[in-house]
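Okay, so here's the structure we're looking at.
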């Protein structure tokens with residue numbers, strides 16, 4: 001549960017007309033400095049987007065840079081005629097989800113799902129224990145949802161961990177994240193590990209036929225519900241995007257003899273954009289977060305825009321000003337020294353505080369952190385949140401606009417998901433404004449984000465359906481089309 005979920009807000013009627021309070025000189029000077037560091041002017045948006053476009057092109061060659069542009073091997077999108085029952089498996093950090101999706105065509109579907117807790121010991125145990133547990137959950141689910149069914153059921157596996165994907169059904173784990181630390185999986189293809197476990201538990205009527213990321217599922221599910229969607233994006237705890245590309249535009253795949261006008265969904269994996277620190281305007285707070293992270297020097301773009309980091313940026317700003325004697329008047333700040341003390345929901349709550357004197361923010365700091373705040377301090381904190389949130393949205397827009405420019409389309413529907421996009425106040429409006437600032441009013445206003453369908457559930461089932469229809473490339477098919 002987030003801090004925002006756990007916090008009980010006052011029930012009295014809000015009254016916010018805008019505060020006329022003036023900050024003292026010290027706080028105002030600090031605010032001016034923050035505004036200079038965090039404001040992303042239009043000229044900088046253009047430079048970041050230009051750099052992004054060049055990295056997209058580079059990633060499609062045999063010598064990619066910071067944005068690897070990973071082929072998903074999905075060569076088609078839903079055409080509305082998909083029908084049938086498909087399974088989906090979503091392996092998260094704390095839960096395992098199994099879904100049965102009845103695909104009904106024309107954007108319609110019916111979903112039944114169950115969640116299973118992942119015991120902590122499985123996340124640090126053996127690979128057999130993990131995959132046997134997953135297979136057993138699938139078996140129990142199938143017995144409940146499809147009792148007595150003997151014919152094979154295809155299952156799509158949403159495996160949102162860094163992978164090298166060699167075909168739709170062959171993905172090797174590069175490195176565990178999300179608290180997993182299991183020997184014998186990194187460097188291995190996860191498909192055979194799951195298939196072997198299904199056999200061990202006697203689940204013989206389930207066939208794994210597709211492995212995908214949640215971002216890929218987001219695009220496919222959104223395209224099914226809203227035909228014409230050609231980009232899928234996640235702005236949540238992390239960030240990523242995928243899009244539909246022409247085979248002729250992917251030089252690193254020209255060793256295969258596929259038609260040049262064939263489409264392929266490309267998974268950008270753009271969290272590492274600008275690891276060389278050429279254009280992104282990092283502050284000292286961004287640098288500190290990077291240096292103290294488990295992967296210093298990597299994920300530069302993600303660390304500036306993703307929900308996993310926004311709360312920590314605010315926390316570091318407040319501690320910095322406390323150390324300089326500008327905030328909290330010598331109070332005990334032990335609670336905000338905890339690196340996990342602030343998540344993005346704290347910024348959201350402060351930005352939507354409806355009271356003129358920011359009463360809810362005052363109560364939040366007193367009850368959660370044991371800190372009394374003056375109205376001046378609360379106004380400063382609120383403005384800091386706005387700066388952090390706005391920077392996130394504007395830099396997020398650069399990646400989307402780079403894809404729009406790369407695809408050279410006059411308009412674009414973007415299936416979008418993630419907690420920041422769905423829950424952060426004014427993020428969508430700030431994103432839309434940045435589209436116009438980057439692409440111009442005419443084109444920018446035609447880049448439309450829509451709430452995505454369930455990518456890791458419905459999307460995985462649909463990818464499984466696409467594979468069954470020959471719209472995704474297996475290892476055998478790729479071997480047949482490899483040029484001599």
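Even glycines carry a Cβ here, placed using N, Cα and C.
DSSP gives residue 90 (ATP binding site) a strand state. Non-local contacts of residue 90 (ATP binding site) by the CB criterion (under 8 A, 6+ apart in sequence, same chain) comprise 96, 97, 98, 99, 158, 214, 456, 457, 460. Under the heading ATP binding site, Swiss-Prot lists 90-95, 237, 307-308, 344-348, 419-423, citing similarity to another entry as support.
According to Swiss-Prot, the substrate binding site annotation covers 160, 161, 177, 178, 213, 214, 240, 269, 302. Residue environment of residue 160 (substrate binding site) contains 22 other Cβ atoms, counted within 10 Å of its Cβ in all protein chains.
Over the domain 'Hexokinase' (25-465), the average per-residue pLDDT in this prediction is 94. Swiss-Prot lists 25-465 with the feature domain 'Hexokinase', giving sequence analysis as the kind of evidence.
The region 'Hexokinase small subdomain' feature in Swiss-Prot is assigned to 79-212. Counting residues per DSSP class in helix, strand and coil order gives 34 helix, 52 strand, 48 coil for the region 'Hexokinase small subdomain' (79-212).
Annotation source Swiss-Prot lists region 'Hexokinase large subdomain' at 213-454.
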If you measure residue 420 (ATP binding site) to residue 240 (substrate binding site) at Cα, how many Å is it?
13
Select the closest residue to residue 344 (ATP binding site) from the following binding-site residues, measuring between CA atoms: 160, 177, 240, 302.
302
Give the number of CB atoms, excluding that of residue 420 (ATP binding site) itself, located within 10 Å of its CB.
28
Would you count the other CB atoms within 10 A of the CB of residue 240 (substrate binding site), including those on all shown protein chains?
24
Distance check against residue 302 (substrate binding site) for the binding-site residues 237, 347, 423, keeping those with Cα within 10 Å:
237
Cβ-based isolation winner (fewest other Cβ atoms within 10 Å) among the binding-site residues 347, 423:
423
Measuring CB to CB from residue 213 (substrate binding site), give everything in the same chain under 8 Å that is also at least six residues away in sequence.
72, 158, 159, 160, 163, 240, 242, 267
Most distant Cα pair in Å, residues 160, 161, 177, 178, 213, 214, 240, 269, 302 binding substrate:
17
